[in-house]
Ligand SMILES: CN1c2c(nc(N)[nH]c2=O)NC[C@@H]1CNc1ccc(C(=O)N[C@@H](CCC(=O)N[C@@H](CCC(=O)N[C@@H](CCC(=O)O)C(=O)O)C(=O)O)C(=O)O)cc1
Ligand SMILES: N[C@@H](CCS)C(=O)O
Ligand SMILES: [Zn+2]
């Protein structure tokens, strides 16, 4: 008898109800009761939808982030966020203050900095990093989880709370002083023990304890921490299902098999080859939960092939076999049925969260009652799988041939950087410390509303073009007035830096409602890469040309690079990622060349997700970097020497991959550095990185205006590491999430900082 369960359900809501409620609360348009009601309704709806499963997840809902929720449950709240001055301060306000730097009640815009945010393993979800000091203490605050357990039970459900395990929790966090966070483990474990006791009191039988760090390379001390922790929790009054996901266990399989837990969940999509060894290594009483439905993509599961593999395992394990998606469904959209505009053939190949759970229950019925009980479901599934395999829309021989014809020369510039740099200086006249921005300007409600009207056919294409041109004109005027040196068109016409390109490339499909949470209330709608990629026509040229027509200053063309498009799309599972990336590289190369032909002298190719896309295990980095860097080079290097190629990356910890970054050979790289006080530049200095660098001089994630003096200070620090002649001045990242009222004074200070430094340099020279 196989048992079904789910590791987590998307909480944002099929219509992004949670996002809209969060943002209304932050704007003061609804109160905390209304926000709580929205949360309760969503949870209730989601449990209802998961009701065919044997165990429902509880604790996967969050008003911002599940890691932050864990910090609150463990009483690990940064003291700066606890506002003692405000008697009306609620826990919700404190919570949002940690998440966002301020809460809806902080009308004074007080400068409490938000908790650091970083990506959740190799996904596009971002969590709030727990903070530790040597004085950190922990205390249990389980009220919210207990309340949700009783809510779930009122649905008559078998509940399975989901918590982040103690070792992963510590591993994910950051020491804010010189302490060693592992030393905190013994303070943390009693709180976990207390939590498990409270869950038992609430009638819980199983608790899912997530320890995804088990799919990463772990030092001996972290392996020991796992052993120590689960020995400590061994006599807990609930059964523990230790959940790992996102990859194989490799040498950690030996660790996990020694842990005294009642069950283990393995990602059987990415670690199918480890299933037999895991079963062998676990005690005969242990539950084996297999993640057999891919929780990271949107493709239908091949149910018959899965059953061929799973049936013997089910026979062997009997009631010890649990089946589930490979990981939480947080990373996929909610419901395919909402999609009305997807091509029916492509739609028939897809499964979102709802459909994945349907697949799971079909597998369960087939295993427990025989395939003939679900013969029509299996037949329909097989038809869809065959249709995808055989579709002529997937394969494009011309594209396949073009990839086969790739030679190293495609990734080579004509001359080396020194020669190019001289030519570019003659061609594009720029002052010392040239100022620029990263590309996007505020995506105002007006811009989004215009796009929505266009998508709903309420305005014509020409009206929409006109509206976007007005936005471009506005952005250009502002930049002229500010005195920036290299201008951008502002990206008003782009819904998202990846989806926008997906919408225009052949081989991509895109959804209407396929939203996935990226952080807090912010969502992305990853385009669906289903076939060979080609570019039917130019994608950005007319907007850039229009922008250039409005100014004498150089206008930077703005593209997203192949690696970032790949990493932030739902990708094919029928060919290696590297192959899809090369196809994207060829398409972007054509766009770069068209921009150059149209007279655009500076072209930025954003690779925001190149560093982020590194595999979880360092042993796989080289292989990834080889094809990723080559793809970037293919996209960028088909231009004349006097065309200047820029790239941009927001997450700029380059210590381990600086030679790969240098191999990209972009003429200019703009990076995020302001919060590190320019220390992230050390590695460029030590490596003698040869090309130009624009270290971000202010953090775009906060509404605070950087002062001119602070920017000057940062640039001076940068100039201690990189020769001034090779420095550019720009913000850390794009400005799409900011408002014009914030952008203007910040850029004013940035431009005047550059002017001050130029004058200082002149004086010093005379
Ligand atoms: C740099 N980042 C990105 C990542 N991944 C990407 N694919 N793209 C990125 O930029 N990963 C790492 C980071 C994550 N950061 C962000 C930052 C900001 C957002 C964000 O603002 N998301 C928006 C949605 C953006 C979008 O696609 N907008 C569309 C649709 C707009 C919309 O919702 N329209 C409403 C009506 C609105 C109105 O009337 O005013 C509707 O359709 O109902 C568009 O502009 O057309 C968000 O709101 O969450 C994401 C990740
Ligand atoms: N050109 C993009 C890069 C973001 S990482 C922007 O400015 O938004
Ligand atoms: Zn960026």
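The count begins at 1 with the first shown residue.
Every residue gets a Cβ built from N, Cα and C, even glycine.
Automated prediction, rather than curation, is the source of TrEMBL annotations.
Feature annotation from TrEMBL assigns domain 'Cobalamin-independent methionine synthase MetE N-terminal' to 4-316. Under the heading 5-methyltetrahydropteroyltri-L-glutamate binding site, TrEMBL lists 16, 17, 18, 19, 119, 124, 522, 523, 568, 612. Per TrEMBL, the feature domain 'Cobalamin-independent methionine synthase MetE C-terminal/archaeal' maps to 434-755. Residues or ranges marked as L-homocysteine binding site in TrEMBL: 438, 439, 440, 491, 606. Taken from TrEMBL, the feature L-methionine binding site applies to 438, 439, 440, 491, 606. Among the features that TrEMBL reports, Zn(2+) 1 binding site is placed at 648, 650, 663, 672, 733. What TrEMBL lists as Zn(2+) binding site is 648, 650, 672, 733. Per TrEMBL, active site, proton donor is recorded for 701.
Annotated features taken from TrEMBL, shown on the structure.
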| residue | record | DSSP class |
| --- | --- | --- |
| 18 | 5-methyltetrahydropteroyltri-L-glutamate binding site | helix |
| 119 | 5-methyltetrahydropteroyltri-L-glutamate binding site | strand |
| 438 | L-homocysteine binding site | coil |
| 491 | L-homocysteine binding site | coil |
| 648 | Zn(2+) 1 binding site | strand |
| 663 | Zn(2+) 1 binding site | helix |
| 733 | Zn(2+) 1 binding site | coil |
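Note: the CA-CA distance between residue 438 (L-homocysteine binding site) and residue 672 (Zn(2+) 1 binding site) rounds to 10 Å. Each of the recorded positions 16, 522, 701 was scored by the other Cβ atoms within 10 Å of its Cβ; the lowest score goes to 522.
Annotated Zn(2+) site 648, 650, 672, 733; additional same-chain residues within 8 Å of its Cβ mean position, judged by their own Cβ, are 438, 608, 649, 651, 652, 670, 671, 696, 732, 734.
Between the listed binding-site residues, namely 119, 648, the fewest other CB atoms within 10 angstroms of a CB are found at 119. Between the CA atoms of residue 568 (5-methyltetrahydropteroyltri-L-glutamate binding site) and residue 606 (L-homocysteine binding site) there is a gap of 13 Å. Listed in chain order, the residues near the L-homocysteine site other than 438, 439, 440, 491, 606 are 437, 488, 497, 558, 604, 648, 733, 734, 736, each with its Cβ within 8 Å of the site Cβ centroid. When secondary structure is read from DSSP and collapsed to three states, residue 701 (active site, proton donor) falls in the coil class. Geometry remark: residue 491 (L-homocysteine binding site) versus residue 119 (5-methyltetrahydropteroyltri-L-glutamate binding site), CA distance 24 Å.
In terms of Cα distance, the recorded positions that sit within 10 Å of residue 733 (Zn(2+) 1 binding site) are 440, 701, chosen from 119, 440, 701. Among the recorded positions 440, 701, 733, the residues whose Cβ lies under 6 Å from any atom of ligand 3 are, in sequence order, 733. Close to residue 650 (Zn(2+) 1 binding site), meaning Cα to Cα within 10 A, are the following recorded positions out of 16, 18, 440, 606, 701: 606. In this structure, the C-alpha atom of residue 440 (L-homocysteine binding site) lies 22 angstrom from that of residue 119 (5-methyltetrahydropteroyltri-L-glutamate binding site). Compared over the binding-site residues 663, 672, the count of CB atoms lying within 10 A of a residue's CB peaks at 672.
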